[in-house]
Amino acid sequence: MSVIKMTDLDLAGKRVFIRADLNVPVKDGKVTSDARIRASLPTIELALKQGAKVMVTSHLGRPTEGEYNEEFSLLPVVNYLKDKLSNPVRLVKDYLDGVDVAEGELVVLENVRFNKGEKKDDETLSKKYAALCDVFVMDAFGTAHRAQASTHGIGKFADVACAGPLLAAELDALGKALKEPARPMVAIVGGSKVSTKLTVLDSLSKIADQLIVGGGIANTFIAAQGHDVGKSLYEADLVDEAKRLLTTCNIPVPSDVRVATEFSETASATLKSVNDVKADEQILDIGDASAQELAEILKNAKTILWNGPVGVFEFPNFRKGTEIVANAIADSEAFSIAGGGDTLAAIDLFGIADKISYISTGGGAFLEFVEGKVLPAVAMLEERAKK
């Protein structure tokens with residue numbers, strides 16, 4: 001795909017507006033997982049190093065649009081950036097009518113979702129954003145699937161619209177994994193909801209040699225095989241669809257599972273066959289035999305696409321399945337690409353970031369790209385590159 005890249009431009013003295021993905025978890029005013037900020041830092045540093053007048057912004061959480069709410073302020077991100085950068089960093093709350101930025105200074109523009117019209121890709125708001133800059137840098141792959149004012153609309157009106165290094169790297173890595181993957185290719189789709197990922201499973205079934213399902217998705221497949229899943233999270237209305245996928249694809253369904261009688265961090269885990277799940281139990285992880293079976297499959301893979309954990313890894317007693325799978329991916333010689341918020345949290349927890357070939361910052365965008373959908377922000381950048 002042909003887009004203008006930020007790395008090809010001279011940014012010295014230019015007003016540069018970077019739309020990053022700084023949507024990080026915050027607790028008590030502190031950033032609790034900095035993966036997305038870390039991923040955005042090289043782009044920010046490159047613009048500062050070139051002597052640009054740099055503005056960066058993002059959404060954070062889901063505030064009521066058009067209203068300021070301290071709970072969703074980018075202030076914790078600003079404090080984090082102050083620790084990491086030697087350049088001056090400041091937060092600007094009201095910026096739609098203009099903002100002064102010095103060369104080598106970083107101005108963080110407050111949460112874009114505080115601006116009315118952001119989510120609807122409002123043209124007036126988009127033009128106000130565009131008026132702030134000479135160069136618009138789209139670097140938030142995680143929101144590239146949404147046509148919003150700060151990810152899409154601004155790019156139509158800015159003098160120059162380009163892809164930041166992070167976005168460009170995402171597109172290159174995903175292209176490598178999906179267009180001509182080294183084989184065998186294994187795709188892992190986990191997490192809680194089947195409905196949101198069934199189209200992904202369908203698309204992946206056409207390109208992957210082996211599909212692996214985990215989490216609530218696996219529970220639906222266990223039910224499709226006629227097993228009782230008790231009180232487990234699963235989607236009864238999608239059992240027939242799971243049956244269809246089982247007949248058309250090679251999908252290993254867990255043979256053993258870890259169950260509990262309550263969904264809680266302190267719940268004790270019982271390892272048992274899928275044949276023995278009781279009516280008052282819920283499946284919260286795959287069992288050891290199932291996890292080892294998946295580890296063997298992953299050992300022989302040449303390309304691995306990983307989206308979603310195979311169990312409730314946030315609870316220590318139901319972590320083992322995801323840990324075995326995560327370590328198998330880390331130990332594999334395959335080109336591995338991982339995406340999705342829960343997946344990133346698991347990678348952090350098990351300390352394997354340096355052993356994954358490429359970690360995507362996108363969740364929904366990652367899945368939509370996998371499905372072969374057009375990402376509005378990318379389409380806009382391609383359009384602007386033609387002019």
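Cβ from N, Cα, C; glycine included.
Among the features that Swiss-Prot reports, substrate binding site is placed at ASP21, LEU22, ASN23, ARG36, HIS59, LEU60, GLY61, ARG62, ARG113, ARG146, with the record citing sequence analysis. Residues or ranges marked as ATP binding site by Swiss-Prot on the basis of sequence analysis: LYS197, GLU314, GLY340, GLY341, ASP342, THR343. According to Swiss-Prot, the feature N6-acetyllysine maps to LYS84, an assignment based on sequence analysis.
Of the candidate binding-site residues, GLU314, GLY340, GLY341, ASP342, THR343, the one lying closest to GLY61 (substrate binding site) when CA atoms are compared is GLY341. Across the structure, GLU314 (ATP binding site) and ASN23 (substrate binding site) place their CA atoms 20 angstrom apart. Listed binding-site residues: ASP21, GLU314, ASP342; maximum Cβ neighbour count within 10 Å falls on ASP21. Straight-line distance linking the Cα atoms of THR343 (ATP binding site) and ASN23 (substrate binding site), rounded to a whole number, equals 16 Å. Spacing of GLY340 (ATP binding site) relative to ASN23 (substrate binding site) is 13 Å (Cα to Cα, whole number).
In sequence order, ARG36, SER58, HIS59, LEU60, GLY61, GLY142, THR143 make up the list of same-chain residues 6 or more apart from ASN23 (substrate binding site) whose Cβ falls under 8 Å from its Cβ. Put simply, ASP21 is the one of the recorded positions ASP21, LYS84, ARG113 whose Cα lies nearest to the Cα of LYS197 (ATP binding site).
Scoring each of the binding-site residues (GLY61, GLY340, GLY341) by how many neighbouring Cβ atoms lie within 10 Å, the top position goes to GLY340. All protein chains shown were included, and the count of other CB atoms within 10 Å of the CB of ARG113 (substrate binding site) stands at 23. Taking each Cβ in turn and tallying the other Cβ atoms within 10 Å, the top scorer among the recorded positions LYS84, LYS197 is LYS197.
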